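Undergrad: Attaching a single structure in structure tokens format; questions to follow.
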Amino acid sequence: MRRRTFLKTALKATAVTAAGTAAFAALSRKPVQAAPGTAVPSTSFPDDFLWGVSTSSYQIEGAVAEDGRAPSVWDTFSHSYGRIANGDTGDVACDHYHRYAEDVDLMARAGMKAYRFSIAWPRVMPQGTGAVNAKGLDFYDRLTDTLLAKGIQPWPCLFHWDLPQALQDRGGWTNRDIAGWFTDYALAVTARLGDRAKHWVMLNEPSVVAIFGHGTGGHAPGLTGRETCLKAIHHQNLAQGTALAALRKAGGRNWQLGTVLSLQPSWPVGGLDSNYPASLMWDAVWNRSCLDPLFKGRFPELLEADFARIAKPDDLARINQPVDFLGVNYYSRMHQQPDLQGLFGTGYGSAPEGTRKTGMDWPVEPDGLSEILAELQEKYGNPPVYVTENGADYPDSIGPSGRVEDRDRIAYLRDHLLAAAKSIDEGCNLKGYMAWTLLDNFEWSEGYRRHFGLVQVDRKTMARTPKASYDWYASVIRNNAVPLA
Ligand code: GCO
């Protein structure tokens with residue numbers, strides 16, 4: 001009942017618009033002060049707040065056939081006709097495999113202190129199991145050393161969607177054996193890099209992999225259906241729990257172990273009672289089906305019967321492992337209504353009238369981030385949290401200065417950081433923020449037509465040009481504060 005009342009009240013709350021920022025900041029109990037070196041008032045962050053950026057292997061690396069890397073499901077998918085906008089593929093991506101030193105320089109110049117990147121499983125274990133490809137690991141070894149030399153903490157993520165095709169051919173995430181395959185791979189990677197990399201992320205957004213990749217089919221491997229979707233969620237949870245336990249044993253307290261979830265509040269379209277059950281169901285699928293098994297050792301009530309068909313008796317105990325941190329990827333709320341065609345009887349509808357939108361038409365709802373952080377505080381034991389992705393696609397026009405003057409992206413980041421600061425004031429255990437993302441890159445089924453980067457990448461020359469948002473983010477890091485103007 002409480003949630004229902006909360007949703008209704010929240011729906012009436014004023015959206016945070018550029019004009020509303022000052023009023024929003026006034027909600028914060030933090031003293032509003034001028035940051036050193038700036039004339040404008042700002043909201044500051046705790047001294048040890050960790051600033052960084054996130055990327056993922058398939059979206060930036062390229063070099064898909066180099067040094068022994070085998071195909072991933074995303075190579076197969078992007079090379080299948082009609083799957084990706086403009087027929088784009090990750091074959092070259094941002095050529096980060098060869099230009100990583102330049103990219104690390106860009107991070108260092110902006111003062112970033114942490115970098116979450118992902119390890120491409122098919123580079124390290126081309127067949128998914130068995131033989132380790134030393135040359136593949138060499139790349140991440142070089143990257144790790146380059147980061148450390150610049151004072152940037154490496155935050156490797158073991159799986160950001162590029163599953164070896166060889167494993168997909170054996171059922172991929174629909175095969176329960178993947179819990180063991182993933183754990184062996186995790187042990188191989190940490191054995192090589194774990195003397196230097198201390199923060200380890202198990203998975204990136206398991207519910208998204210399950211829903212889009214195994215439910216609706218718009219992402220690799222392009223499977224559809226409710227049962228495959230739920231199996232993919234459950235087996236990712238299981239793989240994560242199994243790997244967490246194995247790494248804890250192998251590394252003791254030397255490593256900080258965690259995972260990354262996509263958490264987006266699910267609201268009933270228009271605040272209507274008739275849409276409320278749909279919003280709860282979608283919340284169970286998207287958010288709780290990963291959160292609840294991990295933190296509470298149970299399935300969300302609305303999906304209990306479904307998961308009971310798939311799970312074995314001790315699975316929940318295996319999944320319910322302690323984590324040292326939780327990474328939260330937040331972009332916007334999800335506005336739900338009944339839809340008989342939907343996998344779970346639900347579908348997306350519109351955000352409240354007047355809500356700003358990004359280039360991808362995603363609603364801009366910074367207070368949704370505070371909502372998620374408050375939930376983690378109140379219902380999940382207030383674990384240490386890092387925002388591991390947050391950012392926006394915009395068309396990005398070149399300004400008079402000859403570079404991208406992305407005021408809209410700056411406003412997006414600013415408003416979300418103000419929401420984050422407010423949550424810290426309210427007692428949320430938020431320890432850091434990693435923007436999505438460093439470079440314009442391969443945005444999955446949308447190809448290269450979407451731009452989330454702080455740095456523009458010329459698709460012909462691969463030249464990197466920092467956008468205005470890059471300088472803005474650098475100044476936030478330098479001042480440890482967000483300017484309100
Ligand atoms: C995700 C992925 C990223 C995306 C980003 C923008 O959240 O979907 O982690 O790889 O590129 O979120 O859509």
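Keep in mind that glycine also has a Cβ here, set from the backbone N, Cα and C atoms.
Okay, these came from TrEMBL:
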SIGNAL    1-34  signal peptide
BINDING   Gln59, His160, Asn204, Tyr331, Trp436, Glu443, Trp444  substrate binding site
ACT_SITE  Glu205  active site, proton donor
ACT_SITE  Glu389  active site, nucleophile
Undergrad: Rounded to the nearest Å, what's the C-alpha distance separating Asn204 (substrate binding site) and Glu389 (active site, nucleophile)? Just drop the number here, would you?
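TA: Cα-Cα distance, Asn204 (substrate binding site) to Glu389 (active site, nucleophile): 10 Å.
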Undergrad: Return only the integer: C-alpha distance in Å from Trp444 (substrate binding site) to Glu205 (active site, proton donor).
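TA: Between the Cα atoms of Trp444 (substrate binding site) and Glu205 (active site, proton donor), the distance comes to 14 Å.
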Undergrad: Give me the largest Cα to Cα distance among Gln59, His160, Asn204, Tyr331, Trp436, Glu443, Trp444, the residues the record lists as binding substrate, in Å as a whole number.
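TA: Max Cα-Cα spread across the substrate binders: 18 Å.
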Undergrad: Please determine which of the recorded positions listed here (Glu389, Glu443) has the lowest count of neighbouring CB atoms within 10 Å.
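TA: Counting other Cβ atoms within 10 Å of each of the recorded positions Glu389, Glu443 gives the minimum at Glu443.
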Undergrad: Please state whether DSSP places Gln59 (substrate binding site) in a helix, a strand or coil.
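TA: The residue in question, Gln59 (substrate binding site), is helix (DSSP, three-state).
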Undergrad: Note down the number of other Cβ atoms within 10 Å of the Cβ of Asn204 (substrate binding site), including every protein chain shown.
TA: 24
Undergrad: According to DSSP, collapsed to three classes, what secondary structure does Trp436 (substrate binding site) have?
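TA: Reduced to three states, the DSSP call for Trp436 (substrate binding site) is strand.
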Undergrad: For Trp436 (substrate binding site), which residues in the same chain are close in space, meaning a Cβ under 8 Å from its Cβ, but six or more apart along the sequence?
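TA: In sequence order, Val53, Ser54, Asn329, Glu389, Asn390, Gly391, Phe452 meet the Cβ cut-off.
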Undergrad: Using a 10 Å cut-off between Cα atoms, which of these binding-site residues sit near Glu205 (active site, proton donor): Gln59, His160, Tyr331, Glu443?
TA: His160
